[in-house]
Amino acid sequence: MSRITLTDVSRAYGQVKVLHDINLDIQDGELIVFVGPSGCGKSTLLRLIAGLDRPTRGKIAINGQDVTRVAAADRGLAMVFQSYALYPHMSVRQNLAFGLENARMPKPEIEQRIAEAARMLEIEPYLDRRPGQLSGGQRQRVAIGRAIVRNPTAFLLDEPLSNLDAELRISTRAELAALHERLSATMIYVTHDQIEAMTLADRIVVLRAGRIEQVGTPLDLYNKPANLFVAGFIGAPRMNFLPAAVFPGSAGATIGIRPQHLRRADDGESTLKAKVMLIEQLGSETVVHGDADGHRLLAVLPGQQGLETGEEVMLAYDEENLHIFDENGLRAD
Amino acid sequence: MSRVTEFIFRRRGGRGWHWTDAFTWFWLIGGFVMMFGPAIWLVNSSFKSPAALAEFPPTILPYVTAAATVEGHEKPLPLYEVTQPDGSTKVLAEVRRVGTVAQMVDPAVPGETVRVNIQDRKPVREVAFAVTNYVQPFLSFDFFRYLRNSVFVTVMATIITLLTNSMAAFALSKYNFRGRSFVMLIIIATLMVPLSVILVPLYSAITAMGLSNSLWGVILPTVATPTGVFMLRQYMLTIPDELIDAARMDKASEWQIYWRIILPLTAPALAVLAIFSVVWRWNDFLWPLIVLTRRELFTLQIALNTYAGETNIQWHFLLAMTVVTMIPVVLVFVFLQRFITTGIAGAGLK
C-alpha cells in the first residue's frame, strides 16, 4: 500500500513562488508522470515528495500519515536521479548496499537483495566495477537497482532517461514500463518529454509555472485537453491553433486541430485552404508546413504526397476532431 | 637517446643562434643555478670541516689540506708543495712555522729539516668529506628524541588539520545557512594576519590552558588553516549535490555523508593539504621556539638552533643536521608531487 496525497502544497524561495497550492492524489501502484516545460516546478515537487526539500505550506501524506516534517530517509521512498548520483568511489555492489547498511540490515539479507536486483536488471557482471567504468545505460540500471534493493513504498524518478542516447532511451523506456508491471509499485516519474509521458504513464500531471494544468490518462489529455497549454504540449507535432473565424460556423475563440487530423480534401468537404511553405518527406508520412490566411498550419499527411512548395492545397477535417477553446484558453465543450 | 639530445639542443635559429636561443639558455641555466645553487652549496658545505667553512674565498667542494705521517712526529703533518730555488717543486711536510718561515721536512727523508719562506709554498689539497659532521650529532646530540618530537608534531597536526579543515569546508560548501559567506570571508581574512601579530595573545592563551612546554601547545594553534579550508571548500563545491541527496535518501546520517561520501571524494585535495601541512609543520620554527623551553621537548628545527650559541655557531653541525631535516620534505615532494599538481588543478587553484 502506498498512496501519496498532496494537499495545498506550496513552495516559495524567498519572494519567488515556484509551486502554487498543488492538490494531488496518487493511487497505489500507479505510474504517474509529472510533465511540463523546464522551470515548471516538476522537479521541485518531486523533491518535496522525497523529503529533500520542505514545502512552505501544505501537507504531504503517505498512506494517510502526515510526513510533511519527516526526514527523507524515513519516508520509505527511493529516488533515481537525473545524473544517477552513483557514489563514484564505491563499486556497484557497495552502491547498492550503502542504503541497506545504513538501515542496519543483516549482511546475508543485503547480499540476497543485491543478487536479486542484479539478476532482474542484468547488472551481475559489473557488480565489482566502479560507476566510472560503466556506460550510460549500465549506470542507469545501477541507479534503478539502488532504488529497487531498498524495497521502497514508492519510486521517484527524476528525468531518468535524459542522459541516454535516443536508441537506448526507447529500449530503457520499455524496460521501465515492464519493471513497473512486475513490481506493481507506485512510481512518480518526472520528465519534460511528452512522448515519455504518453508511453509510460497511467496518469499524467501537466504542470506549468508551478500550477497543475490538467491531470488525466494519456488519452484523456490527448483527446480532451483542458486548455490551450495542454493541447499544445501533448501530441507531436504541436496542435494547430487558428482563430474561430477561419472555421465557418464554429463557436469559441480559438480552434485547435491536430496535424494528423487534416487530410487532402475530396469535393464537397469542409476545407481549409493553405499555401505550402515547406515539405518534410519522412517516407511513411509527409509533414506539410502551410500558411492559411496568414496563420501557420501544420499537416501530417499519410504516405508520400506529390506536393510542391508554393502550391495551394485544400485540407479537410472532421468536425469531431476540432478542439474549441474560449477567450480564456479553456476548453469550451 | 639521439632524439633526446636533438630535443634538448634544438634551436630556433636552426644551425645558427637566434637571440631567443641564447636567452633561453641563459634563463634556464641562470634559473637552475638560482634554484639549486643554495641546495648544492648546503649539501657540499655540510661535509666541510670547520676550518674549510671559515676559509676565504669559499669553495664549492669540501677540500682539506693533505697530511702525511712522518717518522719522528706523533701527529700527521700537513703537506705543502714547495717551489725550490731552482724552480722545480717538491712536496714537503710542515713541522712548525715561525713568522714567515716554516720548518719543513721531506717525508721520504725524515731526519733533515728545511727552512722555507711561506710565500714559496702552496698547501696540497684534496677533496675529503667530513662525515663526522653527521656522525657526531647522532652520538652526542639527542637526534632521535628531537626527530620523534618533530614527527609527532607533524603527524598529529596534519591529521587534525585534515579533519577539522575538511569538516569546516563541508559545512561551508554543502550547507546553506545564514551568514555562510560572512564566515567564509572571516576565514579568508585571517590569511592577512601574520603569526607575529598574534604571537603574544596566542602565547597567553596557550599558557592559560597549561599547554606551554607541551607538544600539544605547538600542535593545536596551527591546525585551523584558512588555506586548507578554502582549498577543500573549493574542491567540495565541485562534488554534485545530487550525491548528497542520494545519500540522504539512502538513510545516511550527516556524519556518514561527510565520512563516507564527501571525504573519499575529496581525497586529491586532502592529499595536497596533507603535503602542505607536513611541510609547514616540519619546518615550523618561530612558534615551537616560543612554546617549548624544555630541551627534551624540542623539535628538530629548535634543537638545531642550539648549535647557534651567543658567540659561536657550530656551522658544520648545523649544516649537516639541516641536510638531515630536509630529507623528509624532499622525499614528500619527490613521491607526492603527482598529487600536488593534479590536486591543485582539481581544486581550482593555480
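Every residue, even glycine, has its Cβ placed from backbone N, Cα and C.
The stretch that TrEMBL tags with transmembrane segment, taken from the ranges B:215-236, B:281-302, is B:215-236. Taking every listed stretch (B:151-170, B:182-203, B:215-236, B:257-280) in turn, the largest tally of C-beta pairs under 8 A with the transmembrane segment (B:313-336) is reached by B:257-280. Relative to the transmembrane segment (B:215-236), the listed stretch B:151-170 leads the set B:21-43, B:151-170, B:182-203, B:257-280 in CB pairs under 8 A. Listed by sequence, the residues of this chain that lie at least six past the ends of the transmembrane segment (B:21-43) yet keep a Cβ under 8 A from its Cβ atoms are 11-13, 60, 319, 322-323, 326.
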